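To keep things clear, I will list the structure first and then write my remarks on it.
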Amino acid sequence: KGTIHLFRKSQRSLVGKLTHEFRLVAADRRSWKILLFGAINLICIGFLLMWCSSTNSIALTAYTYLTIFDLFSLVTCLISYWVMMKKPSPVYSFGFERFEVLAVFASTVLAQLGALFILKESAERFLEQPEIHTGRLLVGTFVALFFNLLTMLSIRNKPFAYVSEAASTSWLQEHVADLSRSICGIIPGLSSIFLPRMNPFVLIDIAGALALCITYMLIEINNYFAVDTASAIAIALMTFGTMYPMSVYSGKVLLQTTPPHVIGQLDKLLREVSTLDGVLEVRNEHFWTLGFGTLAGSVHVRIRRDANEQMVLAHVTNRLYTLVSTLTVQIFKDDWIRPTLSSVPIANNILNLSDHHVIPMPSLKAADNLHPVTSTPAKPSSPPPEFSFNTPGKNVSPVILLNTQTRPYGLGFNHGSTPYSTVLNQGFGIPGMGATQGFRTGFTNVPSRYGTNARGQPRP
């Protein structure tokens, strides 16, 4: 018989976890439309692959890969809905926004791999060109074009919409830009579609369908089968050129780099923060893109000792929050390092404070290492600790001199000249003790003899 664990959580398998998360997404009605388009996409891909096999056309196969990419975009849209439903957890403290970035990166990379596969097959076909059957070539082209445009224009895919606008333009968009301006000059109503730059997914769908139509006409007229291979290479190059900028942009987000277009704004905000009242220094700043349109960052701020921490934190956060939505600010107060009090037993005659003065004096050896401006000991081999100053007296022991002077103001105490000749030598002595010892404001392990002085007479 095995051991019974009463309150042990049941461990789900990977398939069970995925099923649970899929049910969570499917419970939202917004996901039903995406699931419906996904089912139609699978049916359309099945028919297109059969028509590719029957026509023996590699150009139609390359165009079918765009339909497979549409399936990846639908999965990315589902992941985007799932990210909006999930809340940050202890494991994923910044949330789950990077999952949709990873989905976009994976989809674009897979599309490029498909394009490379088409290029490899096309190179083999140039050596031995097979016969192309055009019976279903044109039908498959229009079916794939209709479904691709319907998917791209009917479903709002937030991750891919953001990447297509934020990433750099592809070479296909740059070549069509001049033509788009000319068309919009004749028909101004099309400016919302073609300007400032045309949607890259719609553009590649139209360009691929146009290449297949040209292939169909040339094969029907002249039986020029090599044009099918040339069209496949053109579609593969257009696919690779369209997906590559998106892969680069999403890859930089995954690498937690700072977006180039916000570097100038961040520098301006950091300069404003450094001029706030109480702020001495801004250091260790790091800003990165958490997700699409979400910027995260962390910064360390050193402030004065008399500054209000909460007030400075509120002002710093208020300045940076306009650009950085997820911000972590660490406040450090500029504080002096205080020396540790002595815990060594003290001689009895040291307690007679009326006979001794505690005078902090630097040693003669340390005088050579003083800084010419601040007179602080300079130690190149051991820099001062962070957020502290190497203060005079930190490493200097005080000197206790025998008091033979008469106190002023007519109090009746003797006082005379101070015997400096007995102290300005190598190492300073303390009456009653053989080693140099420093004291500040507190004593530990002190005998309770506070009522008499060194002569045993009661104190006045």
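Heads up, the Cβ atoms here are built off N, Cα and C, so glycines get one too.
Database features (TrEMBL):
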DOMAIN    35-255  domain 'Cation efflux protein transmembrane'
TRANSMEM  32-51  transmembrane segment
TRANSMEM  63-84  transmembrane segment
TRANSMEM  96-117  transmembrane segment
TRANSMEM  137-155  transmembrane segment
TRANSMEM  201-219  transmembrane segment
TRANSMEM  225-244  transmembrane segment
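Counting Cβ pairs under 8 Å that are 6 or more residues apart, the transmembrane segment (201-219) and the transmembrane segment (32-51) reach fewer than 3 and are not in contact. Sequence-distant contacts of the transmembrane segment (32-51) (same chain, six or more residues past either end, CB-CB distance under 8 Å): 26, 60, 64, 67-68, 70-71, 74-75, 77-78, 81, 136-137, 139-140, 143-144, 147, 151, 154-155. Beyond its flanks by at least six residues, the transmembrane segment (63-84) meets 21, 24-25, 28, 30-31, 34-35, 37-38, 41-42, 44-45, 48-49, 52, 95-97, 99-100, 103-104, 106-107, 110-111, 114-115, 118, 140-141, 144, 147-148, 151-152, 155, 157-160, 201, 204-205, 208-209, 212, 235, 239 of its own chain at Cβ-Cβ distances under 8 Å.
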